[in-house]
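Notes follow once the structure below has been shown.
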Amino acid sequence: MFQAPQIDYLAILPLIIVFGGGLIGCLLEGFLRREQRVSTQLWLSVATLVAALVALVWVARDNMGITAAGSVTIDGPTLMIQGLILSLSIIGLLAMSERLGGSTPDAFTQAGVSVPGSFEEREAVRLGGTTTEVYPLTLLAVGGMMLFPAANDLLLMFIALEILSLPLYVLSGLARRRRLLSQEASLKYFLLGAFSSAFFLFGAVLLYGYAGSMRLDVIADAIGTETGMDGLLIPGMLLLATGLLFKVGAVPFHNWTPDVYQGAPTPVTGFMAACTKVAAFGAMLRLFYVGLEAARLDWQPVLAVVAAASMIVGAVLTIVQTDLKRILAYSSIAHAGFILTGLVALEQVGASSTMFYLAAYGFMTIPAFALIALVRSAGSEATHISQWSGLGRRAPWLAAAFSFLLLAFAGIPLTSGFTGKFAVFAAAVANDYAWLAVIGVLASAVTAYIYFKVIVTFYFGDTSNDTVVVTPSALTTFAVVTGVLVTLGLGIVPAPVLDLAASAAQFLR
Amino acid sequence: MTDVPWLTILLAVPALGALALVLMPRGFAKAREFALGVSLVTLVLAVVAALQFSVGGGELQLVEEYSWIPQFGVTFALGIDGIALSMILLSVILVPICLIAAWDDVPADGTRRLQGYVAWMLLLEAMMIGVFAATDVFLFYVFFEAMLVPVYFLIGQYGGPDRARAATKFLLYSLLGGLIMLVAVIGLYTVGPGGTDGFLLSNLTGLEIGGVTEKLLFLGFFIAFAIKAPMFPVHTWLPHAATEARPATAVLLVGVLDKVGTFGMLRFCLQMFPEASQWATPVVIVLAVTSIIYGALLAIGQTDMMRLIAFTSISHFGFIVLGIFAMTTVSQTGSTLYMVNHGFTTAALFLIAGMLIARRGSRTIADYGGWQRVTPLIVGTLLISGLSALALPGLNAFVSEFLVIVGTFQRYPAAAIIGATGVILAALYILLWWQKIATGPKPEEIARTTRDMTTREKFVVAPLIAAFLFLGFYPKPVIDLLEPAVTTTLQHVGVTDPAPAVSAEGSEG
């Protein structure tokens, strides 16, 4: 007989708030008048995220435990990752709402459904037929991201993966300008994402065959005992890892990253780069630290090689890029390698350093993309390096902020990037992966070349081009200032956040 | 130990000055005066701090310790011995001189460019004080790397025509060296006692590491310092950087920053890895002697005077390293004194070369000739500085070069003899240079428009020449300051001075 599972609603209150907000957003989209849409949706979304964050800190933190028939775990790492996703998506959402003089969020098309260059599109632009589907889509994606690291069951993890991915596929295709590139990015992301989901599902099925359950604790118990299906464990693990490594953009599953990052609307790229990475690494931490910890000898070397390959490939390919969004895309591949270096360490310090790095990376990535969206040439975004030449003199604050973020990407001391790198490398060295740290260090030196080349272009290049910097609204300014301050703060006084990460690194099993 | 945190104050004053300059409105016309004022205040504070220092003790003084990032074992720990104090004094004396020298280097139109230039100078001063005062390996590393940023901008934004490439080259070399050191820094923590103050230099001194680990850690640090120093064969960034930099920047770069390399060898390599240091000594000695000869030979062949000075520095750094690794009290005292002397001498050479270049508009030596009669004061001071560089008795460098050679001879006679030929070569490159500039027919067309040293320029060279004479005739106070620190270092290494050659023969015979 079916028995309803006990659900600790207080523990999952943040999730409920976010999903509820997303659904209300969908409803409002049908009822609101055009001119009300943007502001209503914006404030609804921000309010939802803030409310969820408040609920997380005030309610969920006191209700940790495994709930919903063992499929959801709310523990330290979950809350840390969820809190991070919420904070990052607040500033991500603010950056998305930048309106540059129009009635529409500027980065997004008026009519996502129309064919680029078609009559419908022109008509939508003429009528100002603003649709604001980005807000509910973002909220639903955030909900999926929050569920992802909380999932204690492979099937739920798969569902969370899909919930977070599908809105992102759509969001990638909504760029206002260069519509074809954007739609191509969307399609590419969708197709490859569907592949990787299939791999993930296949892996989940194999582990089900191996352990007789999809729950991580059951799988963990099964490892080391004879189940009669022992041959399924390793292929199952590797296929699961494939699905997750795809989401974080690690080599060799990184090929979608540059094209999608370039094609997607710039603020979406920032949101996607930061939050997806946080969520997927959160899920990876749970999968490997809780479910597959006992089989570490089988997966640790594989992940170490993936980490090394990501750092090397990401770093080397970064230096040949000439488009800023692609530079950041390839650098995100290298960063995925750095984060994996922390994850491979497989200790409490591994989990805490990974989470710290995710915080550092997220808070530098969103403002970086938000700033890219402000630099324009002939109405569209100017993302080629040469178009940024000499901006240091014309837009000193933008150049200073972006340069500072680049210093953080490069891992120069007194920025969060350095603290994060130090944390993951220290974790790796302490756990006999010193060679990974060495590769990481060399990769850092390689990527530093391109970051400083960009800074050179800002400050030392000539100024003869038609690039203009638009004045951002308070929304983007807030997002950028927050990101820069966090980047600086985590570089100079990282102790409180390190403490938080360390205290939150205890998984419930 | 005093109640006043002198070192923190010394560090904070220029840093806050730099911050204030950045925050000031764009049209702030008195940026130079403000920066000079800040640097003079720093100088006074440094002198007051130096008066608290009791000469004759080899232990660290003015010690401060504050917990910074306990999770990483990092302490904000400052403290100085005689060597560090002399380096800090050198820095705070040279910075105001450089600010006066660079008075007209940037357009005095009250633009942000000028503000930026002096702000970077002050920030660099703060970093230099920090790097010499840090007694926590991690903190040292932070300053060591963060220092690159102001230098990068000083060269790249305000230098000569090929400045961007020179700045990038400088940065990549230094960053690579620094990152290699980072791995060693992390490794050092893991072999050390660990804990919340596991990076304190005092906790890492006298460890029994031994074997391959110690050698690898030593190499990690040594490579970084050799690049910084700059030592053959990793010196190639220096001539390029020094040529493209403004003379004032070049002074700080070569005169002070490069000393971090030799300072680090003394303070970190020798003190923490005594066995590995002795193991590496033969190779280092050979490289040092090579640097002396190679730098001098290349200096003779230079046609560009900034490059010439850069190569003389490579030769002089060879002497410093030779003295450090000969590991006798006399040779190391000579080296540390040489570090001070070289700072003043190179400063004078670069700044006077800068005066000539400002008048003639060319760095090429062949463009000059007969200037003895056009600008007798400038050419005269050039001669005095040149004689100091070639170590004429009575001028500062003689004492230190003599001590290095005598000290080295006690242990490695062959190295001392070969190294001493560098002194002869020095006479060649300096006197040839001076001859090409000063002698010959008076260049009429230039002479009419060129004026001799201005009052401002007199303020620049006067303190330097006073330093030459003082240190040349009466080096005792400085030697008294340095010798105890050197003795302590040698105790850490566990090396005693060789007995005088004659009695050694007698006793062994």
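Every residue gets a Cβ built from N, Cα and C, even glycine.
Noted in TrEMBL for the protein shown:
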- A:151-447: domain 'NADH:quinone oxidoreductase/Mrp antiporter transmembrane' (DOMAIN)
- A:6-28: transmembrane segment (TRANSMEM)
- A:40-59: transmembrane segment (TRANSMEM)
- A:79-96: transmembrane segment (TRANSMEM)
- A:134-151: transmembrane segment (TRANSMEM)
- A:157-175: transmembrane segment (TRANSMEM)
- A:187-211: transmembrane segment (TRANSMEM)
- A:231-256: transmembrane segment (TRANSMEM)
- A:268-289: transmembrane segment (TRANSMEM)
- A:301-320: transmembrane segment (TRANSMEM)
- A:327-349: transmembrane segment (TRANSMEM)
- A:434-456: transmembrane segment (TRANSMEM)
- A:468-493: transmembrane segment (TRANSMEM)
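The highest tally of CB pairs under 8 A with the transmembrane segment (A:6-28), across A:79-96, A:134-151, A:157-175, A:327-349, is held by A:134-151. Between the transmembrane segment (A:434-456) and the transmembrane segment (A:187-211), the number of CB pairs under 8 angstroms, six or more residues apart, is fewer than three, so the stretches are not in contact.
The stretch from A:79-96, A:231-256, A:301-320 with the most CB pairs below 8 A to the transmembrane segment (A:187-211) is A:231-256. Counting Cβ pairs under 8 Å that are 6 or more residues apart, the transmembrane segment (A:79-96) and the transmembrane segment (A:468-493) reach 3 or more and are in contact. Below 8 angstroms of C-beta separation, residues 10, 13-15, 17-18, 20-22, 24-25, 28-29, 32, 79, 82-83, 86-87, 89-90, 93-94, 97, 132, 135-136, 138-139, 142, 146 of the same chain, each at least six residues beyond the ends of the transmembrane segment (A:40-59), sit close to that stretch.
Of the candidate ranges A:268-289, A:301-320, A:327-349, A:268-289 has the most C-beta pairs within less than 8 angstroms of the transmembrane segment (A:157-175).
Remote same-chain residues near the transmembrane segment (A:327-349) are listed as 248-251, 254, 257-258, 260-262, 269, 273, 277, 281, 284-285, 288-289, 293, 296, 300, 303-304, 306-315, 317-318, 321, 357-358, 361, 365, 368-369, 372, 385, 409, 420-421, 423-428, 430-431, 433, 436-437, 440, 443, 447, 450-451, 454, 502, 505-506 (criterion: CB distance under 8 Å, separation of at least six residues from the stretch ends).
Outside the transmembrane segment (A:134-151) by six or more residues, the chain places 12, 14-15, 18-19, 21-23, 25-26, 29, 41-42, 44-45, 48-49, 52, 71-74, 77-78, 81-82, 85-86, 89, 92-93, 96, 105, 108, 157, 159-165, 167-168, 170-171, 174, 268, 271, 275-276, 278-280, 282-283, 285-286 with a CB less than 8 A from a CB of the stretch.
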